[in-house]
Amino acid sequence: MTLFSSLLSRVSKDGKESIRGNYKPKKHPRGSSRHTMRKSLKKNLAGGTVLKESVKCPDGEDENEWIAVNTIEIFNTMNMCYSFIQGFCTEASCPQMTGAKATYLWTDGKGKPQELSAPQYIDNLVNWISEQIDNPEIFPVDDSDFPKNYRPAVIKIISRVLRVYAHIYHAHWDHIQKLDCYQHTNTSLKHLQYFAEHFSLIGEKDLAVMKHVFDTL
């Protein structure tokens, strides 16, 4: 049984959680360089390699490809962590998308920012990130060159993923602890932090939002 399956099994047995029905981790084509790099990343993480070391691009690998692998992995684990508490994150319990120091408004860059409940905001966000990752003009495939807007797109994805963690730690940390999922959630957030800092993919403003959490990890 995988770590993900084991955790979800434990959550389901508690009888209080519904798992994201649309949770489908992004995968890399078998045999591709990204598939190989992800196997290396997962092996290092599972083997206890220091997180700060595990996020560094391996010698001889393309840095942009490595960033793509980590970005997709971070997106997948964010989905997993949210799935733990999804049953508690409802329109009634979370009418706003809040963190410890902010209320986030949804915008797709086309209309005016609007206030949404946390579950609706996160559903919109997951769909938006999926579209970015699946867009070959942003995340190229078949050894195509990476476009100029690639790094800015990754920076935006990372900042938005961090908002989901901000909500989890602010509104649902008691649930995470009760379900005994806190170690995995903390490790997932640390992976994001070390990766984003190492490749300068996160600004001080975004880091400050979670500083009170980062300082305790």
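Even glycines carry a Cβ here, placed using N, Cα and C.
The region 'Disordered' annotation in Swiss-Prot covers 15-38.
Here Swiss-Prot flags 23-38 as compositional bias 'Basic residues'.
Residues or ranges marked as Zn(2+) binding site in Swiss-Prot: CYS89, CYS94, HIS167, HIS172. Non-local contacts of HIS172 (Zn(2+) binding site) by the CB criterion (under 8 A, 6+ apart in sequence, same chain) comprise ILE85, PHE88, CYS89.
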Listed in sequence order, residues not in CYS89, CYS94, HIS167, HIS172 with Cβ within 8 Å of the centre of the Zn(2+) site Cβ atoms: ILE85, PHE88, SER93, ALA118, PRO119, ILE122, ILE168, HIS170, ALA171
What is the total of other Cβ atoms whose distance to the Cβ of CYS89 (Zn(2+) binding site) is within 10 Å? 20
Report, as a single number, how many Cβ atoms besides its own are within 10 Å of the Cβ of HIS167 (Zn(2+) binding site). 25
